[in-house]
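A.B. asks: One structure, as structure tokens, below. Some questions next.
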Amino acid sequence: MAMRQTPLTCSGHTRPVVDLAFSGITPYGYFLISACKDGKPMLRQGDTGDWIGTFLGHKGAVWGATLNKDATKAATAAADFTAKVWDAVSGDELMTLAHKHIVKTVDFTQDSNYLLTGGQDKLLRIYDLNKPEAEPKEISGHTSGIKKALWCSEDKQILSADDKTVRLWDHATMTEVKSLNFNMSVSSMEYIPEGEILVITYGRSIAFHSAVSLEPIKSFEAPATINSASLHPEKEFLVAGGEDFKLYKYDYNSGEELESYKGHFGPIHCVRFSPDGELYASGSEDGTLRLWQTVVGKTYGLWKCVLPEEDSGELAKPKIGFPETAEEELEEIASENSDSIYSSTPEVKA
């Protein structure tokens, strides 16, 4: 009998969670940032979901959020026609980058010196963060609003997606190398540096392409419209979520569906594997983030696996290791197909 998923539920947002991103692994662990229509992106400890802080300053929905590799900086994209760069340690706003329309996506180079942005004005912009007063470099060519833009190939190239097109750009010449056209709206895009793989979702399809050439590798079909998908760092598994509130887990090599379960109480907008591959996070229309174990029952983070006593005949089952601080209250709830526990939540100030 398979063990049941026991997700960690991260509350605190008051509107739909539309984007999330993990940092790399640092000496202090790894971190998770979430973008939400409430305009208040949040930073959390990646392996427990515990709230660290909220970045305050946007005056509209935040559509995109990212952390640099060592989690010292954060960047956000918002409906207030700005992208902002933040000190992720202090929470201070470092700079506001004014745009002419809604900003949807942000991405740091590996050295954190440049920020790529894209949005409703159909332009890609590259900001030199060491020269905040300088005008950004601009790349035009998209025919509709840009949903996602990512650095790839050690920052030598850029991948960007609008409504029905994915484009590959050369950073040095600022010119288009190749494009892919789809017959329906592209809902998400993920870049995997190891192996240079691009994961694209559209409709019920999850497609894998070479990030260098955009040549197809393989594709899966899901039972419902998919809004986001993420490939495990070791390329063992793929997880996806979408309009039917469910999370799907696939064997990447065979394409076999390994499990599916109701993950949220609303459509799932974003899913991502952690940098160590031990868990994945999902964000939803229901306003929550949830963290899920890749291997159910393994001792990791707040999940503590308790083996059964000899001859008891009981199955091993995951137990939750409760933090010993009064501030971190964890409640157990039941959802349709899974148990759930809560990570620590933001402090409410009068």
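Please read every residue number as a count from 1 along the shown chain.
Here the Cβ of each residue, glycine as well, is placed from N, Cα and C on the backbone.
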A.B. asks: Considering the residues Ser228, Ser284, Ser338, which is the one that Swiss-Prot annotates as phosphoserine?
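C.D. replies: Per Swiss-Prot, the residue annotated as phosphoserine is Ser338.
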A.B. asks: What range among 251-275, 326-350 does Swiss-Prot record as region 'Disordered'?
C.D. replies: 326-350
A.B. asks: Please give the sequence-distant neighbours of the repeat 'WD 6' (221-262): residues at least 6 beyond its ends with Cβ less than 8 Å from one of its Cβ atoms.
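C.D. replies: Hits for the repeat 'WD 6' (221-262): 2, 5, 187-188, 190, 192, 194-195, 197, 199, 201, 203-206, 208, 268-273, 275-277, 280, 282, 284, 292, 294, 335-338.
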A.B. asks: Just to confirm my parser: what is the rounded mean pLDDT across the repeat 'WD 5' (180-212)?
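C.D. replies: Mean pLDDT for the repeat 'WD 5' (180-212): 97.
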A.B. asks: I need to check the long-range neighbours of the repeat 'WD 4' (141-179): which residues 6 or more away from its ends have a CB within less than 8 Å of a CB in the stretch?
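C.D. replies: Non-local partners: 64, 101-102, 104-105, 107-111, 114, 116-124, 126, 185-189, 191, 193, 196, 198, 200, 202, 209, 211-214.
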A.B. asks: Which residue counts does DSSP give the repeat 'WD 2' (57-96) for helix, strand and coil?
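C.D. replies: Summed over the repeat 'WD 2' (57-96), the classes give 0 helix, 22 strand, 18 coil.
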A.B. asks: Are there residues at least six beyond either end of the repeat 'WD 3' (98-137) with Cβ under 8 Å to its Cβ atoms? List them, or say none.
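C.D. replies: Residues packing against the repeat 'WD 3' (98-137) from afar: 60, 63-70, 72-73, 75-79, 81-83, 85, 143-151, 154-155, 158, 160, 162, 169, 171, 174.
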